[in-house]
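> Feature table excerpt (TrEMBL):
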DOMAIN    50-121  domain 'ABC transporter family G'
DOMAIN    179-248  domain 'ABC-2 type transporter transmembrane'
TRANSMEM  196-217  transmembrane segment
TRANSMEM  229-249  transmembrane segment
């Protein structure tokens, strides 16, 4: 539910912590497909994944494999298979790459020393590989002069464009109307799925209206009567809004 709520606001950056936990393979693939569609639209989606199937694993643009606090690989799924193949640890053709990488980088009890040596070898090879050196070069700190040389059109132009974009940026990516329409549609579907609840609410509203009408019947149009009428109107409004408020809280 939390993932759907975040998708509704259309954020430019999403961090998902195992969004497929507890789901079957079909639903997990649907969830990751939605995140994939958002990434294709220019959004940045960073997610951890729990036991992905081979189909779900192939949907990721880039994967980050870590072991013992070090980076074992960072790149596309195809590059991951090629990297381990070059090391002599190719993934079998009938094997899920995600499961294979996890087993390869796991520390097995009673074999801690050999497993840690394997992990250290993999991490060192990736660090010295072409991909690892490129990542290190792209992420190393740069001076202001180096940043100016990288920016086309000058540093001041880039800074001014950032200021303009920040001033125009809305705290919510989805418009007010889009959010209201989605909430109303969700409430309508939830209500229509429970016809008995509709009848109960209608009967409850009628009975409360009759009860308040009997209590406040025959009010005179003086100062005390006006105060009583205001109280009756207040009770009616509160009674109608409490149900919606409780639904939001739940």
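All residue numbers here begin at 1 and follow the chain in the order shown.
Just so it is clear, glycine is given a Cβ too, placed from its N, Cα and C backbone atoms.
TrEMBL labels come from automatic prediction, so no person has curated them.
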> Under DSSP, the domain 'ABC-2 type transporter transmembrane' (179-248) has how many residues in helix, strand and coil?
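The breakdown for the domain 'ABC-2 type transporter transmembrane' (179-248) reads 61 helix, 0 strand, 9 coil.
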> DSSP helix, strand and coil counts for the domain 'ABC transporter family G' (50-121)?
33 helix, 11 strand, 28 coil
> Which whole-number mean pLDDT does the model give the domain 'ABC transporter family G' (50-121)?
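On average, pLDDT over the domain 'ABC transporter family G' (50-121) sits at 89.
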